[in-house]
Amino acid sequence: MKTAHFILIFCLLALASPFAYASDPSPLQDFCVAINDPKDAVFVNGKFCKDPKLAKAQDFYYSGLNIPINTSNPVGSTVTPVNVAQIPGLNTLGISLVRIDYAPNGSLNPPHTHPRATEILVVVEGTLYVGFVTSNTDNRLITKVLYPGDVFVFPIGLIHFQFNVGKTNAVAFAALSSQNPGVITVANAVFGSNPPINPDVLVKAFQLDKNVVKNLQSKFWWANN
């Protein structure tokens, strides 16, 4: 009987654990302002945090998301993050924000994934063709054309993109369900890794000629500089 109870409890815990770790853990205090120097800090939830009595408004503040950002780069888009690196007070709160600027006529926030966050995006200016791809084996593409005021969700971990199909600049804001969602841009990771992935691996994976692979690897080093 004890063995049966143990197995039942083990199964319940196994079923519950994916939900428990689906996003950043809940904080055990009002806030935990991240701090690099532990001299004046307390250790909470595995991180050094500023003494709450020393917290100030600046720890929870960021300015500048109203400013358009230069999009002069090969893909024509620029992401401005506001996460725990910019606002220390976001530490343990499980949320962050980005602004994305897109140049006219075909600029792209290229296919990428956030390993630790779901993203909800709202278009403020312009027209964006957006989408994500479901996981193996379906690999189903789900897309939508968005206009100002439209909102779209990219589920955690799935590859997604935004493409400016308009003739004007576009701007979008997105919230993510992690203080540090991370980002993996597919092309940069595969063809621009440091050191490079052995071309023979990519030849087999993508069924491409070796010269094509080497050419692609040479093109993506800009992203890592």
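Using N, Cα and C of the backbone, Cβ positions are placed for all residues, glycine too.
Note that TrEMBL annotation is computational and uncurated.
Under a cutoff of 8 A between CB atoms, and with a sequence separation of 6+ in the same chain, the neighbours of E119 (oxalate binding site) are V153, F154, H160, A174, A175, L176, S177, P181. Here TrEMBL flags N109, H114, E119 as oxalate binding site.
For H112, H114, E119, H160, the entry in TrEMBL reads Mn(2+) binding site. The Cβ of H114 (oxalate binding site) has 24 neighbouring Cβ atoms from other residues within 10 Å, across all protein chains displayed.
The disulfide bond annotation in TrEMBL covers C32-C49.
For 63-214, the entry in TrEMBL reads domain 'Cupin type-1'. Averaged across the domain 'Cupin type-1' (63-214), pLDDT in this predicted model comes to 96.
Sequence annotations record features per position, and here TrEMBL assigns signal peptide to 1-22.
Comparing C-alpha positions, C32 (disulfide bond) sits nearest to H114 among the binding-site residues N109, H112, H114.
Cα spacing between H114 (oxalate binding site) and C49 (disulfide bond): 25 Å, rounded to the nearest whole number. Each residue contributes its Cα atom, and for H112 (Mn(2+) binding site) and C49 (disulfide bond) these two points are 31 Å apart.
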